[in-house]
Structures are given as C-alpha cells and as structure tokens.
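According to TrEMBL, the features are:
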- 35-59: transmembrane segment (TRANSMEM)
- 104-123: transmembrane segment (TRANSMEM)
- 135-156: transmembrane segment (TRANSMEM)
- 168-194: transmembrane segment (TRANSMEM)
- 214-237: transmembrane segment (TRANSMEM)
- 305-323: transmembrane segment (TRANSMEM)
- 344-366: transmembrane segment (TRANSMEM)
- 372-400: transmembrane segment (TRANSMEM)
- 412-435: transmembrane segment (TRANSMEM)
- 474-496: transmembrane segment (TRANSMEM)
Amino acid sequence: MAVPKLGDELQKPAEVTDDSNSNDKPNLKGDWLNFFLLMLLYTMQGIPLGIASAMPIILQSNKNVSYKDQALFSLVAWPFSLKLLWAPLVDALYMQKLGRRKSWLVPVQYLMGACFIYMGSNIDEWLPETRKPDILKLVIVFFFAKILAATQDIVVDGWALTMLKKNNVGYASTCNATGQVMGVMISSVFSVLLTSEDFSNKYLRIRPDVGGVFTMKSLFYVWGILFILITTLIAIFKKEKDNRLEDDHVKLNIIQTYSLLWDILKLPSIQLLAIALLTAKIGFAATDSVSILKLIDAGVPKDNIMVIHTMMFVVKIIMPLIIAKYTSGPKTMSVYLTAIPIRLLWNISFVAFIYYTPIMITMINGFVNIPIYYYALLVFILAIHDILANIMFVTITAFFSRISDSRFGGTYMTLLNTLSHLGLAWSNSVAIGMIDFLTFKECSLDHNNNCSTPNLKNVCQTNGGDCNVIVSGYYVETAACTMIGIVWFCIFRMILKNIQTKDSSHWLVNIKKPSS
C-alpha cells in the first residue's frame, strides 16, 4: 500500500491504527505520517528544554553567578521527575469528542505559547547585561515551563503507543530522541549564539554592530507564536482514534487511575527496575552537570562551547536513526548495559582534559588564546560522551515503550520516565551543590585562612592575597561517582538482563473493568 498523501491523512475521520500485523517486524509503511507528527511534537517539547539547558551556560558567563545559584537553577529540571503526580489526571480526564490525548495536548501547548510571550516581556529585567540575574524569578518561570513540557511529554508518550502500529511502537523512542534533540538544538543555539554580540559580529555580520542578530526577547516572542500556530493546525486537522474502540479498553476514574500507579509498582520487575533507574545516573553526575561549567571557569568562551554543542546535536539526531534496528528489538537493555562501563571509563578523559586546560590555553594581551588542537580534543571527548549517553537514552526509552501496558499508556510510560528523570535530577542537583563543599581553598598570604566564607574571602583579598584552590571538588566528586557507578554496574547487570527477557504479559496490570 502506498504511503498516503498529507491531504488524504488529514481528512480521515479518525486515526486508523492497523494492528493486524502487530507481531511482524517493524515496518513504517503506512505509518510515516504518524512518525513525522510524533517527531514534530517531540521537537516542540525540546524547545523549552533547550532554552532551560542553555541558561546555565549564559548564567556562568556572568561573573556574579555562583555554583549555589547554579544549583538553585538546576531545580527547573525537577518537573520531569515530579510529573507522576499529575500523570493519572492526564489519563483519566479528557473530552471524548476532542480526543483522549488532544484534550490535554492542545491547551498545554497553547499555555506554552503564552508562557513564552510572557517570558519575552520580562526577560530583559530578569537577565540584565551587567547586574546579577534574578535567579529566583528565572527558576519560577522556567519551572512552570518545564511543568507544561512534562505534561506534553505524558500526553505524547501515551499517544505514541496507539498512534503507531503495535509492531512500530519501538520507533517511538527514535521520534522522542531525535525530535527532542532537534528542539533542544534549535532553541539552545538561538538562545546562546544568535543573541551573542561577539558571535554575531564574527560569523554572521559583514559590519560589526551592537548586540546579537536576535534578542532573547524577540526569540521568546517567536517561540510563542509558533507554538500557538502549530497547535491550532494540529487541533483542526489531526483526528485521534476513538480509544473506546481499542481492545480491552478500560475507562478508569481519577481514584482508580491513581491506584493504578500502586498496582504497577507492585509488579516485582518494576520494583527492581525502579531501584536501578533511581541510581543509574550517579556514576555520570559530576561529568554531566559540572564539566562544561568548569571549562567556562577556566576561560573557554561560552560561544565556542555552544558551537561545539551544536556539532554534538548532529550526533544526537543521527544516532537514534542508526541504532533504530537495535532499539526496536527485544534486547534493548543489552545495548544499554554495554554502553555503561565505556561511559564510566570516559569520566577519566573529562578529568584529564579539565586538569590540563589551564596549561593548554594562554592569555595574550588580555585575550584568551586557545589552540585548534584543544578544540579538536574537546569535540572528540564530547562526541564519544554524547554517543554513549544517547545510546543509553534511546534504548531505555524503547524498553519502556515495549513493556508499557497501552491501555494505561500515559500513566505507565510516565511512571517509568519519571523514575529515570528523577534519578538524573537528584544526582545532578546534588553533584552541583556539593562542588563548593568538596572544594578546599587557602589564602595565599595566610595559610590559616581557608576562604570558606565571604568574610574570610574579603579579608584575604583586602590584604592583597588570592584564595587558591588546594583541592578541587570536581575531581573528588568525579572519582567518587565513578566508583559508585562501577559498583552499580556489578549489582544490576544480570538483573536488567533477566528483566528484559520477560514477555509482555509479565508487565500487564490486572484491572477489573467497571460494571456498566
């Protein structure tokens, strides 16, 4: 059967999912339009995530921002770890006429558009050029934006389980990884590079001018308008399959949906998987959350780091497509486990690179001089890191899609994703917050002054001394995280290999259909 034209798909009265060949190998024939729609939705999800991920780089270039401020801003990642609190509402409450998933998708994305417009109206006040940024207000508004993005993630994850044919559900992780990364890339690059005066004058303008080619204010307005426009088109033209026609359809009320979480968590394999997910990211927490900030502290320009990050996004977009045939199969966790020891070993490369960074870069007439080989090494180290991290993300997401009970897709997928995000969020927040605690300094003029408080620092500087770092918390933390990661791998390797061999019936939740 030929792939339908766009116009034909949009005029269909309902989304048709042919499950007749659900046991066949993955085949996107007849499913391409749904594949690309999922890709678009995940790309939109990546836009607020990209802006939030760029903010630490922007803030770190402001010398008035401390690691404690960065730890406070890292709290904006937590909505993806807390979305389990409202995921059952997304599954239980909807308007049948509009569609189970569109009932939430449309208003949430409209709210996101309005949120961007509100950000654009206030960003100059919250993020001034010279004064200390208003960290608290930035945290509040980005926390709300992340709540909206997390809600959209619940909706799209659940919709993907029924939008695609059953034999193509494994491709949902490809859409997730590739689409989200494209959104993150576009928004973060625009936020850092196109608003930078230095980058714009060096690469984008014929004649130097003041400011970037875009302002943060104008970018937020553009994102807001795009969200509202695209959401309107989806609301009008994309028809959703009537979930009442699905096999084994069960309509649960809010209380039953929340109790469903407990029923899922009572599954023995889910309990083991939960413990693994909550602790899996400890081994990489220091390198993932602090390494780039340490490079900026060492004098590497944030614009150059962002250019390299942009190159890495290409790797992140291509990798899910390359490994799609492995992520859509039954042994995705084997691929996941293969990447872990290599990634733990790669922590050493970050430690060595950051340690020798002050030696490899020099100051000439007040300007930082960084040789080409330094950037080549940085690109190589980040490329390997991002490839490994992306393989782990795609494979674990594919595993979630394969084991989730599609009758309660939003809640089931959200529970698993929440556990994974929570493992990332708490380990990264602790890693950033512990850097100052694990760093030991000493005044160059007074060995008894450890510069541990602002007053002691002022005393040292007033007397003409400098607070020199004796022990860097980054190196201590990376060593500790790596050792914990090795222990984690030894404990969970066989557990996760055994879990992936369970058939689909092992993951189903026994729910009695409400009497009619």
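Heads up, the Cβ atoms here are built off N, Cα and C, so glycines get one too.
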Residues of the parent chain within Cβ reach of the transmembrane segment (474-496), under 8 Å, 6 or more residues beyond its termini: 272-273, 276, 279-280, 282-287, 290-291, 294, 333, 336-337, 340-341, 344, 347-348, 350-351, 354-355, 431, 434-435, 438-439
Recorded stretch, among 104-123, 168-194, 214-237, maximising Cβ pairs under 8 Å relative to the transmembrane segment (35-59): 168-194
Annotated stretches the transmembrane segment (305-323) and the transmembrane segment (412-435) touching (3 or more Cβ pairs under 8 Å): no
The transmembrane segment (168-194) versus listed stretches 104-123, 214-237, 344-366: most Cβ pairs under 8 Å: 214-237
Whether the transmembrane segment (214-237) meets the transmembrane segment (104-123): three or more C-beta pairs under 8 angstroms: yes
Long-range Cβ neighbours of the transmembrane segment (104-123) (under 8 Å; 6 or more residues past either end): 41, 44, 48, 90, 94, 98, 137, 141, 144-145, 148-149, 151-152, 154-156, 159, 216-221, 223-228, 230-231, 234-235
